[in-house]
Each structure stands twice: as structure tokens, then as C-alpha cells.
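One structure is given below, encoded as C-alpha cells.
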């Protein structure tokens, strides 16, 4: 038996045919490599496609220039219609060889790829440039540049060869060809079928699994073709021009994700790799399923359109998984048509569903009567999951899982139910060999019909016969009740009709003025109608309150989706009761609220997985938030072992949002909330809770924040809404929120271990950006991502805020024309960049946060990591400003030093040199002034802070003084004399050097010292005021004392000196000493310099005593106080210096990321995830406080004891399970036959 996938397994004696479906599910193509044509069919809505057809000639012999000897198989794909007017589409066929699917078969080991060659060319070009400029470059500097460039080149080449093996692969013997077809000219497509010429329109020497992407260019005349082999993913852009001619060009080629490449490299058989890639690709998504023996299984999903990692999904392994997962195959998966849900099975009888947006697991359901799952697909607008099973005898069976959350959610179906023939079943039974014979797209599953190549079966709808509860209820006796007790929300009393449902006295159905209620007896059954005693002897099991229920119309009771309908109607009723809370009987009104709450709680308690499914399909938490159902929200979030709530970013993303009429139910035009329908679509549960800030309503926000932050330690997806709401969060939440454990970082548990370090060398905190996108083979940045070993990986933590620093940086550019382009580039080269026309809401959440609460925000370790991530590129930009200012200062200093030599010279060289340096000075000054004026225009009043004002004044003062020096205006004729300009130069020089010091805050250590100095200054100002008052007091006292020397004998004696010339003594009398307290200012200064004053000429004893007291206070006490105060203040200022550094960096980052048209790359490291090396020594202070607040909840201020007082629950003695069996139809019902009343209203809201 030969092993040739193209000819099929010889055991079955057949040749494999291939089937493909377009991304939107509208076109199906079939192809046999030994046939003469490719058949294209437009899919109809019926199960068997018999609609428009087209044919393309195919000649196997002409497909190759030289036929490969090791053909593995073929791959077929068909595009959507790219020209709706002419019904034109595209077909791509790829011939796959062993080399395409086996990374071990590298036939050209010595040939490096273009990226390696590119690095070599760059290095050689740099060296040639250096050689040509050898005469102008000092020899040592030339040698240094040469060594650096050679090292860079060979380092990267070595890294490529040793660490990135796929980059060195450049071998493919496969061929891919592109064909064009049209349903309008189908006759032309099939003309001359016997013609042996090749009808392809494009040829590409690469083999692999091919597929077209859906709406890749958002244009009807474009398409993107993707070819995937065991090494890379090649994207090819195709555009149809006005003449219906195709232009084809290479877009990008991406290296396979490292984990996927390693998986393929571990296989010996090329067929295994082919099957693995086939099962890993779906639409624009690529799944990477790790197959190691770890307890937690990781599944990565990449989007080929954006080349980004969509999310990582975790699945806890079970014992059987260790056997199943080693079959050299990835898991079976399906993605919903709206890309919202992800379903996965490892091939056993368990299906796990996830939310694509957050990566959170929803439910994991085990199907006991299924042996092995072989295929999954969402159908019927993602309402159902279509399952194909292979039983122990390898027979194929079909199943449906309804994922709406209803109790009757699983059904086995026969092949007749989906219109499959024996031919389809025979192919499906050999699915592992024939996975090319059926396919799926956009909620449609296509089965190839082996008996008739022109026929295939389509499964996109599966009808399930489910009896709606209540629809066959026959007419029975009715009884009338008063509405004052049964509808306390209505102030006008009317009668309510009641009857026993299905004549069963266990259930009493009440239809009132605007409600439908179903009550179950707490005993075996009601004796009669009068036996009904409200909540006293009955349990409320269903209720719908709506103004759409009209008493004048005979309403028919109908529940179409068992408990899903019951829960939705219960939530709607809570909202209605909240809107009607001003009633006459508050007690009865509250009893209904408690009764409805009990319906929901009991369902959650018994069927938590069904609740989870309902909750991800319908925005039920929104109803509970609006209705202020505090106890129910707390029960869902905290009082259950299951994690019952999953965050979603927008209400409009819920598939049944429009059906629920959420905006109509909420009545958002009231005084509580001012939101229109469009606003409501874009908000989520956290944002809705934020809108309610009155009194105790704010506890809902605290509940949700506590729930998300508590669970985020296991998965970062819990925080997707916290990221969005953080900028809007009230300041009183921040102090406690930022000390939650997750803000110290969560464990990095992604399967990818490559990181790019983004820390600045002077920073202690190491920050990393994980590799979360597909890298192109020509990317020069791939080598920047280093692999971190397992021994260090446990110290890597993640910032728990996905997309915290990301936003759309692309701004629509206006057409400029040639002249406009010239001015644009001149402005970009000569002047600083302007600001983007973006409002704050268009920026990243990090930039939107109001950082007034500096202590809590900047003390959180994750915030320092975020700031460090964005700082590296910001620092490079502001270094340009520092360079300009350094030039400005140096030239000013040069002019000041040489100001005495400003004389006329006739030397032309010095004149030109003087003019050049003056021009450079003014250019640097104007450049810096433009930056300040643009900031002033951008930030308006927020600009006027002390540092900004100092920046502006220092530059303006420097330009003014430099101008005065330049024009030699030293005489009084121009109003400035020599003394004035010297003083002005002195003052300006001091100011400019202080400004230089402030600009050096770009460097961490200098910045910290500056902030330490500022903090010390602020701390000791009160002490200086105290000391100044004492000095003034003593100085003023001494001034008063010395004001009347004649009265107090304070006239100092003149000093006498004796001079001996050898024979005679001469007595000399010196001058009387000056009064040190002559004026009030001299007195104060003398008091300040008290220890330097000589009072010995004065012999007035009260003065001696006064001087002694002053010396003790001013010199001894104050000096020691200053020393002690400085010591304590320095230690505190040192801690606050780091805070000042982070604040300063945040301000610069905020300004930098608002700039437009930078010379630097605009990729601002927009990674979803930020990682950092967690060092306990750097976050010791935060960890201590976090431990102190560990047991404090965000909602601890709220006392909910009064809520639980009036709670209604089902009695333990009542068999409420009978109700669940009753509504799902699992209990036999004796319903009499009868026709329904014609004038009824079927309710479904």
C-alpha cells in the first residue's frame, strides 16, 4: 500500500476530491486533480445546491513546468464575489509537496532568507560609507564604528541561524495558481474544455494550505489569499481594476508561531503536519494548541488579518486528555460567525466554550452518550452547535447543542434530518483521511457527494421539534381575583382572570391588567380557586409584567424556550417593578420583588451552567443593575461556588440585544439616567453601574469591581471592562482598588516565552513586552525578542489591564499635492511636530486617567511598569528637545564669555562663523519656543504651571539677553547701561543653568535628586518661617535696645593700643566700633549672623544676658533643630522622589503620545499585555499596605442586612424540581385537545 495522499488510501481504491466554500458561505467549489475542470456553484438556501454554476478548465499536465516527485496533496479555496456587477470571483489551487509540510526537509541549508541578507547589506553599506568618509573621521572613531556595525551584523546572523530556524528555510517545490471565474460568463469559463492550455492568471512557487480571508480590505474589488505551510504564512493581495484585470502582489509573510512550529517539527510524517495545519486554520484565525503534559492546557488564537494574538484560552486537563492529546492532531474547534464564541474539544466527549474577547471559559459540558467528537460548527446565527461524533464502531452520528441556556438543550439527530446520503456518510466515516471532502464557513457545513461530483449537501439549519410550554392549553373554568394584592404596582384595582394550567391544580395561571403569573401550590395541589392564598401557600414560579399585555385582548400564555424565557421575563419584571416603585402597598410590592428574585436564585443554584449560557447571550446583569437588585447581584457574584458572570465590553455585542428591547425596558429618559439608544449599545455593566451614584446605588459598582479584581488573579480577561472604566472611576474607589492583589501583578501564564525588554538602563524595574503578534520574515526587530527560561519565568508578572495603553494612532491624512508635500516635509524637518486632533476619549485609558490621587495610582507596581513601558520611546523624543536646549545654552554661554571681545573684525571667516552660530542659536531658541506655544495652545489654562512658566521665561530671557549682547547695546542711548547688562547676564546665566538642570530630569537619578531637593524645601519651609520670626524678633529687640545708647550706657569704648619704639611708649586710641544694630535691616541680618557679632566693647550687663539667651536659642537650639529636621525630611523626601519621577514621566508621555507625524515609528509598543519582573524589594511598601487591606472589600461600607430580611425562598419540603420537569416537558401532561382562541396575543419579549 503506497502512502500518497493525492491518490488516496489504496485500501479504498479512490481518488480524493476537494471541496471549498467561500468565506461568506455563498459559493462552493469542487475539484479533482485528475478531472478536467473546477466546478463552482452559488449556494442556494435549500439543502441541496442546484443554483448558478460556473466551470474552469483544469489540466493537470499543464499545471506544472516540471512535476514534483513527492506530491503530498492539493488545497482548494474560493473567494467571495469581488465584483458584484459581473459576478466575478477567484479560485486558488495549491499543489503541496513534502518540503512544504516537513520543516526537517531543508534542501538549501546554506541559503539564508532575505532578512539575513538584508542585515548583511546594511552592515556592508555602513562600512563603505565610513570608508568613503575616512578622511573626515578620526581614525579611532572610524575603527569603533566599524567594529560596532560588524558585531551587529554577525550577532543577528548568528541569532537567526541558531534561534530562529524558520527564517533560514527557503525551499518549496510546491506551486500555487490563481483562477478567475464569473457566473455571468459561465459559458466562457467552460469553452473549449478540451483545450489543454493553462487557464490560470497567476502562478506562485509556494505550496501549502490556501484560503481566502473574509472582507480583508473592506472593499468589493479586493481579496487576500493566504497560503500556510510548515514554516510561514504568506499573504497575497489581489485587486480587480476597472478593466476586470487582476493585479497580484505579495503583502506580508509571517513566521508560524513558535509553539506551532515546534509542534510540527516534532512530527516525522508530512501528512500529519498537513492534517494539523488543516485543522488549525479556520477563516482568518489560526489556532495553536499546545500538546504538552502540563496541568493547564493553553490554546492560542491568532488573527491573520491583523497578525495579532486574539487571546489565550486555558483548559484544565483531565485524566483522559493525556491519552487523547498525543494523537498528533490539534483539538477540534469552532468560532461563531460573529467571532464572539469559541468552542473547543480535545476529541473526547467534552466541549468547552469561551468568550473570544476576554478568553474566559463559559461552560464545559460533558455529553455522556457521545464517544468522540470529530467536528464542530456554529449554525443558525450561532444559536446551535452542530456536532459530528465517531462512535466506538467508527460510525458517524450527529448532535445539536442549543447554547441559549435552556434546559432542553441537547438533541441527537439522524442523517435524514440534515439531508445526508449514504455517499456523504461513507466519506464522513473516513474523516481522518478525507478531511478535504467537507468544509464549513459562516454557519454552513458542506458535504461532498461522492456519487455525483456536481452535487453536495449543505447543513445550515436543523429543525428541532420542541413543544412550547403552554401553547396547547385548552379552555378551562376561570376565576376572578382582585388585583390589589396580585398586582400591587397598579394603583387602580381591577379583576384578574385565573385558571388551573392544563386543568392541573398544582399550577394556577393568572392573567391580569399587565401581568402573567404562574403559581405553584406548596402542598400537593390547590383544593379550589379560593384555596389560593398568595405567597402564604404558593410559590411564584413565573411572571411577566409588561405594558404590552392588554386586558381587553385575550392573552395566550406561551413559553417558547423553557427556563431561558422564564429567567428573561423575571429580569424584565424586576425592571418594571423598579420603575413603578411608588405604590400604595410597599410591603406587597417588595414581596413580589423577593419572589422574582427567588425564581432567579433557585434556577442559578440548580443549573449554574445554564445560567452562564443565558448570561452571555442576554445582558441580564444590566436588568439587575437597573432594578437595583442588590442581594441578587451579590448572590451571583460572591455567594456561589461558580463564577456566574462574565464581562463583555458592549451591550450591543450580545446576540439578543435587539430582541430584548433593552432601551425600551429601561426608560432611560427619566431623571436617573440620560442615555440614548446608541449610547446604551456601547456601554457595559461597569459603565452602567457607574451611572448610578446616588446613595447606596454605588454599591453595585463596588460589587463588580471587587468581583473582577478578585478573579483576575487567575485570568487577565476578567479586567477588560475595568481597563475601560478606570479613567472614569471616582477618586474614593482608587485608594482601596489600587491596593488589590492584582495591581501587584498577576502570574504570566501565556505559552509564549519570548519577550522584548523595554526598560531604560537606569531603571531598576525591568519591563517586558511579550511577543503577541505574528512576525514577518523580513522583520529586523524579531531578534529583539529574547526567550526567558523557566527558572526566571516564575518572576514575570503581567499588568492586569489588557489594552491599557493601546489606542488607534492612525489619523486620516489629507491630500496635499506636490507643493503641499514639499511644505509638509520642510515643516516636518525644521519644526517640532504638532498635535493630533484627538479628544481625550480617543486616547488610551492610561492617558485618560485623572492622576490627582497620586499616592494610590503611582504606588501601584503595575502603574510603574506601564509608565516604564511607554517611557523608552518618549525619552528618545525629548532627548531632541534636550539637544536643542544644550545647543542654546552653550551658544549663550559662549556669547557671555566673549562679550568683552565683541569688536569689529575684518576677517570674513570669523564674520561668517559668527553669523552661523547666531543663526543656530536663534533657530534652537525659536524651536524651543514653538514647543512651548503649541503646548500653551493645546492645554490652555492647564499649561500654566510653575515648571512650564519657568521653561518659557528662561528661553525668552535667553533670547532677549543674547540679542542685547549681539547688538552691543551697552550705552545709555539705547536705555541699557553696562552695569544693567552685566547684572542681567548674570541672572540669565543662573536661570538658564537651572533650566538645564530641570531638563535633565529625563535621567532618573538626576530627576530623583531634584525632587528630593524640592520635597525637602517644601517640608522645611514652615520651620524656616518659625526661624525667621525668631530672628526678626531678636533683631528688632536689639534695634530697639540700641536706639537709645545714651540712656543705657551702650556707648562702646574705643580700643587703646600701646606702641613701643624701643625707648618710649605711645598710647593709640582706635575708632569706636560701628553699631551692628544701626538700622532695622542691619539688626535682622546681625541676628541671623549672631555667632559672628562681637559685643565685647559693650559693658552693659543686661545686654550680656540678652546676648547669652539669643546665642542659646539662635545658634545652639535652632542649629540642632535644623540638623535633626533635615535628617528625617531627607528620608521621607527620598521616598517621595520616586513618586515625583513617575509623575514627571507620565506628563511627558501624555504630551508625547498626543503628537502627530513623528520621525520615529508610530508603533508606540501597542501591546495588549505588559509584563514586568516582580522584585519584592522594589514593592515592599506597597505589599505591606496591600496585606493590611487584604480583608477589606470595596463594598464593606454597605450594610445589606435589611435586604435579606424579607427574602422569599422555596420551602425545603416543596418539590420545586417538579416545576422544572413540568416546563421542559419531561413530565407527561394530560392536555385535552382543543382549538385555540383566534383573538389571542402570543407574548415573546
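Every residue gets a Cβ built from N, Cα and C, even glycine.
What TrEMBL lists as transmembrane segment is 116-136, 142-161, 876-896, 916-934, 946-967, 979-998, 1019-1043, 1105-1126. Annotated domain 'Ion transport' per TrEMBL: 877-1136, in sequence order.
Under 8 Å from some Cβ of the transmembrane segment (876-896) lie the Cβ atoms of residues 832, 917, 920-921, 924-925, 927-928, 931, 955, 958, 961-962, 965-966, 985, 988-989, 992-993, 995-996, 999-1000, 1002, 1148, 1152, 1155, 1158, 1160, all in the same chain and six or more residues away from its ends. Tallying C-beta pairs under 8 angstroms between the transmembrane segment (1019-1043) and each of 916-934, 946-967, 979-998, 1105-1126 places 1105-1126 first. Ranked by the number of CB pairs under 8 Å to the transmembrane segment (946-967), the listed stretches 916-934, 979-998, 1105-1126 are led by 979-998. A Cβ distance under 8 Å defines the sequence-distant neighbours of the transmembrane segment (979-998), meaning residues of its chain 6+ beyond its ends; these are 885-886, 889, 892-893, 896, 899, 947, 950-951, 953-955, 957-958, 961, 964-965, 969-970, 1006, 1010. Confidence for the domain 'Ion transport' (877-1136), expressed as mean pLDDT, is 80.
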